[in-house]
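Colleague: So that we are looking at the same thing, I have put the structure below in structure tokens.
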């Protein structure tokens, strides 16, 4: 109660009791004001939203800032690594110099890839992507060179990153056109006014009068000067060509062609090309950028040997300038060198249809072409794909290896010498082809010498092949290789060779001092005119005379074997052969001195045929239409078995001689390289045909001495004995 009374008393007893409500009102108003202020403060969070809109925090928004911040650190790390590996002079050698990275040297390498006066009939297209990759430079550096070359019409644009190389064929026409445009725009007068103004500025600091400023302020805009036939009417190029580097390059060349002393400084060129009215608006940094672009143009023109750098001494000091060094226009030398280009428009029409198609599609004037909507969609899709491909970063990847600089130098040298090496390779290929053709075309002639006919790895085996009209005996002369000589440990063979009876010579084989061989040959042909062969008509070589036989005998060797093989006739023979002298008592004598005869007897059984390359028949003079056939396979089989050229291990084979006692290699068809028709010679009234057969160079000598037996000398058909049936089967048919 006391507290309540106190409150009531205090409330009622206060002299200012009537004023307390207003005080409460004022306090409430202050509270409301604070609340309103607090509510007003609630709007402040909207400001960070505005900052976010200004600088959005996206992954790619500050990519440039991150790269610029990280690139110095990356470069410093690379330098530290190089400094650790190299020190002093070695570090300077590894780092590329400014000269290696200069635009002038790059332009020299670019020009070395292409001829100065190309053939317009050849497709001389240039792909900038390939050139940038081969020269290992950025693509923008190639663009700078190509833009300057395009201003001089040394190249023309075919498509995106595709150009056609014209070389110096159009330089004289380009200089004529540029000089005319420069005279129309009064560039010579402007150069003189600027030079006078510089002199006046040196004398006094006063500004030049208005009369001298008018020509510079009101200079007309000069577009890109195009030659007839080399225009490119693409709208995308024409929209920005006034600001391109190639237009500035043309104007820079105009200043040299028009000025009286053909020396122009970069400051004067920049003032004329940019214009003094624009120089006031441009900053110093932009003006310096323009001068740098002029430096790039001057470097390319210097590499083309059109200008050279000089220094001009003035009152202010020494200034760099450039002097025109190109010879006079339209000289006779240039016309003579460019004379192969008289058919340039026709050749261009044939070699570059894409360029003409592009010109027709973007033709200017009243006549225009429209595309079908489907083609427009297709063209847009192709352009989008090309943009995606070309938008990829073209800067080269820097490798951490120390040999990258050496590799780049070698690549640049290879790019410079590529054309010369390609020409030398083409010449060497042609020479190799010619030599290979000559080696293949060396065919062995029938009547040639033995050196040309016989290769180094094998020798010839001469064979005497009789005309098989009446199945006379075959005679085989087997010649060993040149390297083979009869060993001294085989006296029986030598002795048996000496025991050859001289009273039974082989008819048709001429010996030294034998004068009756020719007459016997003639008489044998007269006695048997009907037995001359008919198949000799198709032979590729003619019958050799007795003198030709001498040539053959000179090439043979004294360690051969003479193998007479008699084949029984298929049909019954006339009685003339039986009434003749007994041939069984005679031994065959080799036409070569030192060659011993060898008689064979067939055993009944089949005989394996040997594939032999034989020539066709040849017509023999003196015959009455009769024909000869190629040697029988059986004869070659037994002859080569005796020579140990093929194996005789077949069942019921032929037993040749006692010396054939060991295994022998089989003669393959590839080892018989040549069968040569030498000469037909008669023997006992029966004509023989001599063949030359190539033999392997493996030396084969008789293995031992065997006693002479009766069966060894027995000739089939001799001493009144009938020939075996197996011998009759050998001469059944001819081998074509």
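The chain as shown is numbered from 1 upward.
Backbone N, Cα and C define each Cβ position, glycine as well.
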Colleague: Of the ranges 366-385, 386-405, 406-425, which one does Swiss-Prot flag as region 'Disordered'?
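Modeller: The range carrying the region 'Disordered' annotation in Swiss-Prot is 386-405.
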Colleague: With the ranges 1-26, 27-52 to choose from, which does Swiss-Prot describe as region 'Disordered'?
Modeller: 1-26
Colleague: When you get a sec, could you say which of 695-715, 716-736 is annotated region 'Disordered' by Swiss-Prot?
Modeller: 716-736
Colleague: Tell me which range among 435-456, 457-478, 567-588 Swiss-Prot lists as region 'Disordered'.
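Modeller: My reading of Swiss-Prot: the region 'Disordered' range is 435-456.
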